[in-house]
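These come from TrEMBL:
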TRANSMEM  7-28  transmembrane segment
TRANSMEM  34-55  transmembrane segment
TRANSMEM  76-97  transmembrane segment
TRANSMEM  109-129  transmembrane segment
TRANSMEM  141-163  transmembrane segment
TRANSMEM  183-202  transmembrane segment
TRANSMEM  214-238  transmembrane segment
TRANSMEM  258-279  transmembrane segment
TRANSMEM  300-316  transmembrane segment
TRANSMEM  336-354  transmembrane segment
C-alpha cells in the first residue's frame with residue numbers, strides 16, 4: 001500500500017502551491033495592491049482548505065472512490081469520478097502546455113515545443129511509474145532547492161540597485177474596490193482552489209490526524225513566498241510594467257546586475273519553471289489517472305500512466321494553438337470550471353455530513369428502542 005509521511009505531504013503541497021504562481025504577477029489587476037489581494041484570497045480560501053481536509057477526518061483511510069460510493073452509491077459515483085478525472089486532466093493540460101511554452105520562449109527558442117513537452121512528460125511518466133511515494137520523496141529533495149533558488153533571487157534583486165519599495169505605495173491608493181470582484185474570485189481559485197486535487201491523495205498519508213494542520217501550514221508558507229515574489233516584481237518593475245510582462249519573474253531575474261559579476265541568472269528562472277511545472281502538472285495528471293483506474297477497476301496503474309502520458313503532449317499541442325489562446329482559456333473559461341468542481345466538492349461534503357448524522361440518529365433511536373423494550377420486559 002502507498003504511504004507518505006506528513007513531511008512529504010507538506011513538501012508536495014508547498015511545491016504544488018508555489019510551483020507556478022511565483023512566475024506570474026498574481027492578482028495584478030489590483031496594481032500595487034496585488035500582494036494585499038493575495039493575502040485576502042488566502043484568508044478566504046481557508047474555508048476551502050477546511051472543506052478539503054474534512055474528508056480524511058470524517059472518512060479516514062478511505063480513498064475518494066470509496067467515499068463517493070458510500071455517499072451517493074456506485075451508479076452516481078462513476079459519473080462523478082469521470083467529471084473529477086476530466087477536470088484533473090484538463091488542469092494538468094493547462095500547466096503542461098504553459099510550462100512547455102515558457103521554457104521554449106525563455107531557454108529553447110529553436111526547439112519544437114512538442115520535443116519539450118515530450119521530454120517533460122517522459123520525466124513525469126518515469127517518476128509516477130515508480131509510485132506516488134517516489135514523487136513525494138523527490139519533493140523532499142527539490143523543495144529546499146526550489147526555496148534556495150527563490151531566496152537567492154530575492155537577495156540579489158534587493159541588492160541590484162533597482163529595488164524600490166515605493167512602487168508598492170500607497171497601500172490601497174485606489175481604494176478597496178480593486179481588491180474585490182472577479183480578480184479576487186480568480187485568485188481564490190488559483191492557486192488555492194486547485195488544492196482540491198489532494199482529495200485524491202489523502203488516503204496515502206500514513207497518519208491521517210495531522211493532515212489539516214500540515215496543509216494549513218504549507219499553504220500559509222506558500223502564500224508568504226507568493227507575496228514576497230510579488231513585492232519583488234512590483235518593486236523592480238512597477239505595477240504597469242509587471243502587468244504587461246509575459247513572465248515577470250524572468251524579467252526580474254534578467255534585471256539583476258551586481259558589479260557586472262552576478263548577472264545573466266536566467267538559468268535560475270528556467271530551473272524554477274521546470275521544478276514548479278513538474279509538480280503542478282504531475283499531481284493533476286496522477287489525480288486523473290487515479291480516477292480512471294477506480295472507474296474501470298484497473299489494477300496496473302503503470303499502463304494507464306504510460307498510455308495517457310504518451311498521447312498527452314500531442315493532445316496538448318493540438319488543443320492550444322499558442323500561449324495567447326492558452327492564456328485566454330485559462331483566465332476566461334477555466335476559472336468557472338474550477339468553481340464548479342469546488343462547489344461540487346463542498347456539496348458532496350454536506351451530503352456525507354448529513355448522511356452520517358442520519359446514521360447516528362438511527363443508531364440512537366434503535367438503542368433507545370432496545371433499552372425501552374428491555375425495561376418493559
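Glycine residues also receive a Cβ, built from the backbone N, Cα and C atoms like all the rest.
Most Cβ pairs under 8 A with the transmembrane segment (336-354) among the ranges 7-28, 34-55, 141-163, 258-279 are made by 34-55.
Residues 12-13, 16-17, 20-21, 26-27, 29-30, 37-38, 40-42, 44-45, 48-49, 52-53, 55-56, 63-64, 84, 88, 91, 132, 208, 211, 215, 219, 222, 226, 283-284, 286-287, 290-291, 331, 335, 338-339, 341-342, 345 of the same chain, all 6+ positions outside the transmembrane segment (183-202), place their C-beta atoms under 8 angstroms from a C-beta of that stretch.
In summary, the transmembrane segment (300-316) does not lie against the transmembrane segment (214-238): fewer than three C-beta pairs, each 6 or more positions apart in sequence, are under 8 Å. Long-range Cβ contacts of the transmembrane segment (7-28) within its own chain (Cβ-Cβ under 8 Å, at least 6 residues beyond either end) map to 34-35, 37-38, 41, 95, 98-99, 102, 133, 135-137, 139-140, 142-143, 146, 150, 183-184, 186-187, 190-192, 194-195, 197-198, 201, 205, 211, 214-215, 217-219, 221-223, 225-226, 229-230, 233-234, 239, 242-243, 245, 247-250, 269, 272-273, 275-277, 279-280, 283. The stretch with the most CB contacts under 8 Å to the transmembrane segment (34-55), chosen from 109-129, 214-238, 258-279, is 214-238. Beyond the transmembrane segment (141-163), the same-chain residues lying 6 or more positions past its ends with a Cβ under 8 Å from any Cβ of the stretch are 11, 14-15, 18, 22, 225, 228-229, 232, 235-236, 249, 252-253, 255-258, 262, 265, 268, 271-272, 275-276, 279.
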